[in-house]
Amino acid sequence: PWNASCSAKRRLIDDNMKVAALFILGCLVWGGMAKPEFPEPEKDPDFWKEWAQRTLKNALTLQDLNKNVAKNIILFLGDGMGVPTVTAARILKGQMSGQSGEETQLEMDKFPYIALSKTYNTNAQVPDSAGTATAYLCGVKANEGTVGVSAAAVRSQCNTTQGNEVTSILKWAKDAGKSVGIVTTTRVNHATPSAAYAHCVDRDWYSDGDMPTEALQSGCKDIARQLFENIPDIDVIMGGGRRNMYPRNTPDVEYPGDKKHNGTRKDGRNLVGEWIDRVKDKKGYYAWNRKDLLSLNPNNVDYLLGLFEPADLPYELERNKETDLSLTEMVDVAIKILRKNERGFYLLVEGGRIDHGHHEGKAKQALHEAVEMDRAITRAGLLTSIYDTLTVVTADHSHVFSFGGYTPRGNSIFGLAPTVSDIDQKPFTSILYGNGPGFKMVNSTRENVSTVDYEQNNYQAQSAVPLRMETHGGEDVAIFSKGPMAHLLHGVQEQHYIPHVMAYAACIGQNKDHCRTNSGSPSLSHISPMLALLLAVKWLLC
């Protein structure tokens, strides 16, 4: 017994020494990393002063406001792209090119104007993507879970639909003679895009196969059907969602042996076939894969329907670059088709899987989705001009995603914090979630993340509260803007203000009195003939 007692004490002492050694080692590592390598010029105060002066000089030019009419309007919506996600994506973008990352600029960072958007729904402090989409597309705050209807409509109650429908800026643009388009990495009838064309009291009514019998008998329509019926001449539609367009049990063209991708419609309608028949004499084309889409000449296409997956498109990190389209590629094709209209265009672009990555606790997937959307923003900028195109980048809501832990300059955004916890003496990643599927206990204590591959693509970052799916966050999100009337997006605004500014800039919807037209086209009174020539040359080259 005496020997056993001594052995137990010795093991306890050894364990305590190991914990102390680990803690001291962590402190030493932190101490060594607290003075990271960084560019030598940054030690010189003049480096920072000159940078500030360049920024100041640029800021002074913004006093000459761009009050041109916006011929084109583009909204980039990063679903779930809160401010922490923007910052982390910026660092990731830099680190992907071999930099430390913090000093990198996203394309959206270069936009001259920024505001904050209050994202709450009429009945929710922390919102969902449907009620928010109704706000920033239709200009009206709404209840969570509903799209294209006012707050008088009640989720899942079909009989509250009629009389409460609200229209979107996409319809306002179409009614004004502009070409219009929707590009998304999710299903084309998911929450964000559906608010552009649908009026539905339940965001989950993707097809009639998802609707209760009572709602169908009461005359409510599924969202996929509304995509083709409410605004039948949407010029460009690209994303996923094939299975909601075909009769139940119809095998998918790409995955014929996988029943989970079969058609879901109860009414037996082939909505894709109906669309093809309607546009066959109007330069209309349907594509379901990358090869088919990129083989098209945009100059010979007036209508395009691209449905590239049965449900959502793959994550950027999992995309087959030979067969799967990137968001940037879709945006490139969309703009080249839409810009042929002399009256201009409206384009909604959603980086929709940022949100999905966060919900799954997979920060690496989410952040790579955000970086890809930023590439698409860059491409759109090359194909358009700030003189006649208003571009807005924003998010519908945030997530309970954060990164911290006193990490040193250049620390991998997916890496460990430099010290261990002073409570459980275990390391932790810089990225953490407030709640979600990353909560994990091993032997009744927090998992030691140094024993797993925390930089793996699908690693689920640790969370404070266990949930199957991580939740949205309730804080304000950023609005970045450039182009005509972009300065009107300033300060802290209600989310529903966004489409009203875009409509005012483009002289569509209810905001027309201040506009001048020439042969039906908006007048750009501030552009010199030489500048107009240069813009035309750029347009042709791109």
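Backbone N, Cα and C atoms are what each Cβ position is placed from, and that goes for glycine too.
TrEMBL annotations:
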- SER129: active site, phosphoserine intermediate (ACT_SITE)
- ASP79, ASP355, HIS359, ASP396, HIS397, HIS472: Zn(2+) binding site (BINDING)
- ASP79, HIS190, THR192, GLU350: Mg(2+) binding site (BINDING)
- 256-266: compositional bias 'Basic and acidic residues' (COMPBIAS)
- 247-266: region 'Disordered' (REGION)
SER129, HIS190, THR192, GLU350 filtered to the recorded positions whose C-alpha is within 10 Å of ASP79 (Zn(2+) binding site): SER129, THR192, GLU350
Rounded distance in angstrom between the Cα atoms of HIS472 (Zn(2+) binding site) and HIS190 (Mg(2+) binding site): 17
Cβ-centroid neighbours of Mg(2+) site ASP79, HIS190, THR192, GLU350, 8 Å, sequence order: LEU77, SER129, ALA133, THR184, THR185, THR186, ALA191, PRO193, GLY351, GLY352, ASP355, ASP396
Distance [Cα-Cα, Å, rounded] between HIS359 (Zn(2+) binding site) and the residue listed as 'active site, phosphoserine intermediate': 13
Secondary structure content, the region 'Disordered' (247-266) (per DSSP, counts of residues): 3 helix, 2 strand, 15 coil
Other C-beta atoms that fall within 10 angstroms of the C-beta of ASP355 (Zn(2+) binding site): 29
Spatial neighbour of HIS397 (Zn(2+) binding site) that is closest, considering only the recorded positions SER129, HIS190, THR192, GLU350 and their CA atoms: SER129
Cβ neighbour count (within 10 Å, all chains shown) around HIS397 (Zn(2+) binding site): 28
